[in-house]
Each structure stands twice: as structure tokens, then as C-alpha cells.
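Trainee: Shown below is the structure under consideration.
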Amino acid sequence: MEKKYVLAIDQGTTSSRAMLFDRQGKVAGVAQREFGQIFPQPGWVEHNPREIMTSVYTTITELLNNAQIDAREISGIGITNQRETAVVWDKATGQPIYNAIVWQSRQTKDICTQLKEAGHEQMVRDKTGLLIDAYFSGTKVKWILDHVDGARERARKGELAFGTIDSWLIWNLTGGKVHVTDYTNASRTMMYNIHTLEWDAELLEMLDVPAQMLPEVRSSSEVYGMTQTQYFYGEQVPIAGIAGDQQAALFGQACFEPGMAKNTYGTGCFMLMNTGDKAVASKAGLLTTIAWGIDGKVEYALEGAIFVAGSVVQWLRDGLRMFGKASDSQAYAERAGDNDGVYFVPAFVGLGAPYWRSDIRGAVFGLTRGTSKEHFVRAAVESMAYQTRDVLTAMQSDSGIELKELRADGGAIANDFMAQFQSDILNVPVLRPEVAETTALGAAYLAGLATGFWSSREEIAKQWAVDRRFEPNMPEERREQLYAGWQQAVEATMGFRIS
């Protein structure tokens, strides 16, 4: 039977999706299922790994039924996933020994403080390209081994397996036959040396994590194994692509050349710039990470993570009840005319790149009796664009590359006002693609390259198409005046303390 589709499994923080893509890279079907969030203590976020698997199985079944697709028409499966989230399970039973600790969770911050006080920061930075932070997987694994009775000893005996979500999905889909991850996910664990491309003995010793529990690290595009027959009506389908969500979006945006960059505007913002075969060490508060490993070659990226972006609009809607639906924010922002000197620094969980300050709170500046709801909404929407400029400034400083255009994706980029303001404040064109689902598309492309569904990156690059191009049209004096106000607001926010 002719292979007509590639299936992407996009396992996210709040939901799992299964998506079919045809040879033109267009969406041919989608199914989505949300799952529960677990908050055992303030600042802790966990998931039930079994519930994640159930959501994935359900979306696959729904997709095949709704699209009336024969499993034999699927060339391969690409997996993309919420990064850093850590699962530890029993190899014999396949049962998790604890919940998955989610990337957002701050429950390992005390471990991070101890590691910093012990003087490990520079070593971690040099080997992994990361900072010591509760965000990354390494301290999460250590926490589980520290807090589950007998876990570390069992791990040393080879009885337990660790994996990021991609590893967990593949283990289950293959019936426990395959324990792998790819370069992109390994590079987010704080245990992987991104230069030597191996699990690092010094990092493992620092965290007291036994090497026996770690997955094999493979390329981002190859056949890792076959699914068990029960998931695809008696058929086996090759699992052939893996990438963490942000790297998958970079690939889905066809940012294949050094200096090309994308920004994903979701709950937070994640901006990645391709730096080719150079692992550029950041001096400006960014992360150095692996973009992907394909064709026997690893390529790198600089990454800036902004913790609060689209979620500020959700907060205005749900917390302050300023409007009924998120899309209303565009009309409110446009009605305001300008920001009237109001700046909103949405540091609800601190500030991410390039500041990395988890100890500060959000703030609003410049309020007068004349400040309206519209000004407030506009300032909140503008904050996404200002934070992106902070990251881009750091990227250009680190890489020595001046950005020619920014490829944008994610829910918030549907807001035309935000997209235009972003272009204005960066003084760079912002391109919104025709296919908005770039994360799932990137995973599909990686799988399709491995199975021969697509022939090359050149073929993929030709498929990438612009929905709308936003050109900068703000006078330079006004642009710099607005950005200077933002910088003052950030500085004031960082100086504010609650005793």
C-alpha cells in the first residue's frame, strides 16, 4: 500500500496530540487529549506518566478513526515532546516509581543551590551549555533517587530506567524493547556533554545518578524501533524521528542555515538561532543546546527561554477578567492607540533569559488616572515583544550574526497587532508560516527523512511558505524610546523586594 502520510506525536505540557502530515507538509488530520496536572506543593508540578501514555494511545486511535486512515499508509512516526520533564520506571514491570517531574517544577531548587555553593557552575556551563537550574532533568532524577526508598541502589543494579518523555513514549510503544533518546533531549538533561556527545561521568558523579539507568543517545532522524501491533490495528509502524519541542519547531520552520532563527510564542517564548557546527558559548545569559543530529553530524543552537508570554494574556482573561477570550486582546491593544507610558513586566515566576532571576515578581509601571483597561492590555501584549528583543540582543552579541528575519509560530503570533509590534521593536521582518503547527511538522519531517518519505532538507525548505510577512515601519527614535522605557521598568522590577 502506498505511503501517504507521516504521523507526529506532539506530547506537550497540558495535552497530547497526534497529527498526520501529507507529502506537501500539510495537516491531514489531528486529535488532541488533555491530561491532569498535579501540584503536590506550591511550585511543584508533576504528571502521571501512565496518564500521559493513555492520552497518546487515545489520540492515535481517534486520529486513525476520524481520518479513515489505514495504518499501512503511514510511512513513520516522529515524536516531539515537552523537554526536561523526567520519568524513572521499573524496567521489569514498566511501572513508574514516582510521578514525572515537569520542566516547570521548582522542587529541586535546593539541590541547585547546593550544587552552586559547591562550585560546580562553570563546569556544568562548559560541558552542557546550560545553567544549574531546577528547569533541567538532572536534578529531577537526583530528587527521585533521593526520595524513593531503595531507588538509587536499584538503579545501580540496572533495574530502573530514566528517560525524558520521548524515551518514555518509545519504551511503551515498542513494548519495552527500545530505551533511547536523541541528541536534542539529551542536551537538556544537565548530564550530557554536548561537545564529546556522551553522558558525562563527572556530571553523573556530581548528581549521584548511576549510568546504568540512562537511555542510549541516537540521532534525531533514524528508525529506532517498531510499534507493537495493538496500537495500529495489527500493523507495525517505524518510529523514526525524535526532537524536543523547541528544536522540532526550529526544524519545522526550515531554519537550516546558521543565523536563521525562530521564536515560538506559547505559554512562554522560546527563541532559537541555528549556529551550525559551532557550539557558541553564551556570555549574555543564553543557553547553548543541540539543534539536531542528522546525517552523522550534530548542529547547535543558541536558546533564550522567556517564562511568561502568552500566559500573561490568559491571566488578564481568567485572573483579572478583562476580556472574554484571548483573541480579544488584539482589539483592546489596538484601541489604546499607544501604551501611554505604561509598562508591564510579567515576572510571575521570575525572569528567564537573559536575566535568570527567579527571585523577583511581576510589576506594572506608569499608571495614571487616565490609564484605561486598553492601555493595561496593550502593555501586557507589548511585553512579549520587549522580552524577545532582550533575547535577540543577547543572541546577536553572542553569535556575531545580525538577524535578517524572524520566523514566528505559536498561538500568540495569530495576534496581528503583536506580530507587527514585534517587527517594529526588533526592526526586523517577522514571518508567520502557512502551517502553524511547526513543532509537530518538525517531528514529522525528521521521521519522513529517515524513512525516505521526503528526500532531503532542500525538498522540505521548498515547502515552507509564508502566511503573512510583517515589515518594521516604526521610526527609529520612537522604537528606541519605547525600548528604553522597558529597560527602566525591568531594572526597577529587579530592585523591588518584599521583605
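Just so it is clear, glycine is given a Cβ too, placed from its N, Cα and C backbone atoms.
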Trainee: The glycerol site in Swiss-Prot includes R83, E84, D245, Q246. Which of Y57, Y135, Y224, Y265 is also listed there?
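Mentor: My reading of Swiss-Prot gives Y135 as the candidate in that site.
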Trainee: Which of these, T58, T267, T368, does Swiss-Prot say binds ADP at the same site as T13, R17, G310, G411, N415?
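Mentor: Swiss-Prot names T267 for this ADP site.
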Trainee: Cα of G310 (ADP binding site) to Cα of R83 (sn-glycerol 3-phosphate binding site): how many Å, rounded?
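Mentor: The Cα atom of G310 (ADP binding site) is 19 Å away from the Cα atom of R83 (sn-glycerol 3-phosphate binding site).
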Trainee: If you count Cβ atoms within 10 Å of each one, which of the binding-site residues G310, G411 comes out on top?
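Mentor: Its Cβ has the most other Cβ atoms within 10 Å: G310.
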Trainee: In whole Å, note down how far the CA of Q314 (ATP binding site) lies from the CA of N415 (ADP binding site).
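Mentor: Cα-Cα, rounded: 14 Å.
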Trainee: Just to confirm: which same-chain residues, 6+ apart in sequence, have a Cβ under 8 Å from the Cβ of D245 (sn-glycerol 3-phosphate binding site)?
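Mentor: Within the chain, D245 (sn-glycerol 3-phosphate binding site) has Cβ neighbours under 8 Å at D10, G12, T80, N81, Q82, R83, T439.
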Trainee: May I ask which residues of the same chain, at least 6 positions away in sequence, place their Cβ under 8 angstroms from the Cβ of T14 (ATP binding site)?
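Mentor: In sequence order, E34, F35, Q37 meet the Cβ cut-off.
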Trainee: Other than T13, T14, S15, T267, G310, Q314, G411, which residues of the same chain sit close to ATP? List them in sequence order, counting a residue when its Cβ is within 8 Å of the Cβ centroid of the site.
Mentor: G12, G266, S311
